[in-house]
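Some notes on the structure that comes next.
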Amino acid sequence: MAISIKSPKEIKALRKAGELTAQALALLEREVRPGVSLLELDKMAEDFIKSSHARPAFKGLYGFPNSVCMSLNEVVIHGIPTDYVLQEGDIIGLDLGVEVDGYYGDSALTLPIGAISPQDEKLLACSKESLMHAINSIRVGMHFKELSQILESTITERGFVPLKGFCGHGIGKKPHEEPEIPNYLEKGVKPNSGPKIKEGMVFCLEPMVCQKQGEPKILADKWSVVSVDGLNTSHHEHTIAIVGNKAVILTER
């Protein structure tokens, strides 16, 4: 399937969805602390989104039961909110999507709960810095595979590894569209191959960072993804539009 080019009107609608996504994440960022349960946070986000005349995009998507993916400590992505109460030293990944008037926004961040270990601080910084470096590297005409190479090299230069088998993606009237954008260059693939970035494209970049091994394992809940190394992980994501030959973050907080 071809990668869709969005009109200025569509990008305006996607910007609206992105802004609401960012506001919902900012709300959670303010409320995350020791003593708060994951289900409480999920309800806060859902109530805020609905009160803004929008819809939590993840609730029911592929059967996901909640509004926010909450990935605790070793869980990289797709964690299901539970009654677990956050404790000092935890790290929590928050990934949420919003649908407004038929258009989607999608963003994620990983937060420390109080004081965390120096290794976890480096881990959180890696996914955030990898995301921003990739965004700042975007140029019209470059290949998406070049972005994958940039993401991988930024992660590995910091001593970590990208999660395999999961990727960034296009977004628009569907939460997941073409292209798929891995955080690594697949074996045998050249960076100067495949589709190129063009004006009007809208997509999500989301580095998912593991400590020692990038091979994934899905837990018994059939959603939560961890690394086979069982160590803590980190994940950041933004929705980006190509406007005026440059990358514009639609989910900037």
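Residue numbering: from 1, along the chain as shown.
Glycine residues also receive a Cβ, built from the backbone N, Cα and C atoms like all the rest.
HIS78 (substrate binding site) falls outside any helix or strand according to DSSP and counts as coil. Contacts of HIS78 (substrate binding site) defined by a Cβ separation under 8 A and a same-chain sequence distance of 6+ are given as PHE64, CYS69, SER71, ASP95, TRP223, SER224, VAL225, in order along the sequence. Positions annotated as substrate binding site by Swiss-Prot: HIS78, HIS176.
Under the heading divalent metal cation 1 binding site, Swiss-Prot lists ASP95, ASP106, GLU237, citing sequence analysis as support. Secondary structure at GLU237 (divalent metal cation 1 binding site), taken from DSSP and collapsed to helix, strand or coil, is strand.
For GLU206 (divalent metal cation 2 binding site), the same-chain residues lying six or more positions away in sequence with a CB closer than 8 A to its CB are ALA108, LEU131, CYS167, GLY168, ASN183, HIS235, HIS236, GLU237, HIS238. Swiss-Prot lists ASP106, HIS169, GLU206, GLU237 with the feature divalent metal cation 2 binding site, giving sequence analysis as the kind of evidence.
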Local Cβ density at HIS176 (substrate binding site) - other Cβ atoms counted within 10 Å: 17
